Amino acid sequence: MSNLFSVLVAVGGLAMFMFGMNTLSSGLEKTAGGLMEKVLAKVSGNIFTSVLFGAIVTAAVQSSTATTVIVIGLVNAGQLKLRGAVGIIMGANIGTTMTAQILRLAGIGESENFFVNLINPTNLSAILAIAGILFIMFSKKNKYKTIGEILIGVSILFTGINTMRGAITPMIEGSDRVKSIFAVLQNPALGILVGIIITICTQSSAAAVGLLQVIAGGSGTDGAVLFASAFPIIMGTNIGTCATPLISSLKSSKNAKRAALLHFYFNLIGTILFLIVIYAVQLTVGWSFWDKPFTMDHIANFHTIFNVTVTAIFIPFAGLLEKLACITVRDKPGEEDDVFSKEDLLDERFLVTPNVAIAQCKEAVVQMGIYAKKNFEAVCGLFDKYDLKEVEKVNEREELLDRLEDRVGQYLIKLNDCGLNEDEGRMVTTLFHLISEFERIGDYSVNISETAGVLYEEEARFSDRANSELEVVNGAIAEIIDLAIEATKTMDMTVLTEIEPLEEVVDRLVEELKAVHIDRSKKGLCAIDVGIHFLDILTNVERISDHCSNIAVYLISSKQQYETLKKHEYLDDLHKHGTAVYENKLKEYTEKYSLKALA
């Protein structure tokens, strides 16, 4: 009966350990997620740099699986080339060894030395728990709450380790049965298989290695866990960690499948090579520590040495790994290369790392802005030369805008259910608003295109003076759309504060043009039916600038962490009590888009 409860306590300790790892990883991802997306997508030109940053990012988020899955998603979206993925995947294997190095602290016992006692896991977990809860309860800023989450995660992790050790030690210390089991696992095939199975079950090679460390630490000085039985299990965990990336790549592009296979081949071939070397030395010279107990420290060190050595060996042969993956997933004769659309940015693999998923959504929204800008520029040219092919392109881009709005919206809904922190939730809400604003800008461009079509069918055209006036206002609209796109991309307050003065100039310009046009009509210088179309265009461009203003307000609200920013009150206050920056920009844009030059 006592053994039954010991098993239950050990399993409970494992649950605490894995929950602690998950909490720690979640907190680290919140702080390092943006870095993760930027680094993994851009640092890929140099194999050494890729390996380094792959290791750093994985150590930061405490999950090689998360890193590899994100890499596959970036490859699938066309943001990362296959060659760049090789180094990052290699580095991820090094970064994941950090967990085992942290867990070796669990082997520190009681000491008369104050500082040694301080890092004793029992004492350290208590200190971290107290510090973590203070951060969470009394901090108003999210970044400090996240630090508290990280500290709590480490505390729970150590508590889980201690609980497992406390339950396992009485059961296995001096146990002949445990020794017999690990004696069987000296068979490398069985040891590797056990490592694979445990890693697949826990979905974490770090957790599997940590469990082995606990058993090694609890088996006593006689040591049931020997080097001969431990190293195959550790190697098996490296192969087992490939399962999740392989499964996640099944419905992806050819290159994404190749990236998952790169990870698998790297770990499989590395394991085979290490096995050959270890057994070759054992059969010829012999390892002095072959039948010696393997402690928590030894396991952590071997895990690190194994992954660093395999990576060092494979760096010169990264190209061969890539070729092997390409041979496995071949291009069929006549088949085109993977074609990437902006919808591929919204890969559900990114949802496990909300910061990365939000960055991908933002890029998709920026692309919506680019499509809207292209459509506006295209329709402006239709009044000089009406081109049916250009109109067709405008309609195709409008369909892309509609599809992206729907796709991004659905993705944001899924993302909203991923346990976001306050800042992430605010950004998701902002992006919901932005997709609607950019889509409406696209709609108004289509309206202008239809107006151009009516004029073409009626064989009517604007006067040279009217066309010149439209060029002025269209130039202002093109610039304000550019500012809205740049503001979405960078969240730069300097850019954000330039939008509203330009929007005010557009409003004044439209009012002036309407007055000038009405005066022209009264004098009989412009046909009434053609004049109506001119006014329609002015209405549409004014609404485009209004939507750009909305984008700025939403982004300012998100950046300044307002719960709500009442647009009309904010804009009224800005127009009545404008800052020096606002007034200077207003003056600059007024001069830039003046009708005086047309006189």
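Backbone N, Cα and C define each Cβ position, glycine as well.
Worth saying up front: this structure is predicted, and the values here are computed from it rather than measured.
Record features, source TrEMBL:
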type	residues	note
DOMAIN	366-451	domain 'PhoU'
DOMAIN	477-552	domain 'PhoU'
TRANSMEM	82-103	transmembrane segment
TRANSMEM	115-138	transmembrane segment
TRANSMEM	150-168	transmembrane segment
TRANSMEM	188-212	transmembrane segment
TRANSMEM	224-248	transmembrane segment
TRANSMEM	268-290	transmembrane segment
TRANSMEM	302-321	transmembrane segment
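Looking at 188-212, 224-248, 302-321, the range that has the most CB pairs within less than 8 A of the transmembrane segment (268-290) turns out to be 224-248. Distant neighbours of the transmembrane segment (224-248): 64-65, 68-69, 72, 93, 96, 172, 175, 178-179, 181-183, 185-200, 203-205, 208-209, 212, 215-216, 259-261, 263-264, 267-268, 270-271, 274-275, 278, 287, 289-294, 298-299, 302-303, 306-307, 349; these residues of the same chain sit at least 6 beyond its ends, with a Cβ under 8 Å from one of its Cβ atoms. Long-range Cβ contacts of the transmembrane segment (150-168) within its own chain (Cβ-Cβ under 8 Å, at least 6 residues beyond either end) map to 6-7, 9-10, 12-28, 31, 102-103, 105-106, 121-122, 124-126, 128-129, 131-133, 135-136, 210-211, 214-215, 217-218. Assigned with DSSP, the residues of the domain 'PhoU' (366-451) fall into helix, strand and coil as follows: 77 helix, 0 strand, 9 coil.
Looking just at the domain 'PhoU' (366-451), the mean pLDDT is 90.
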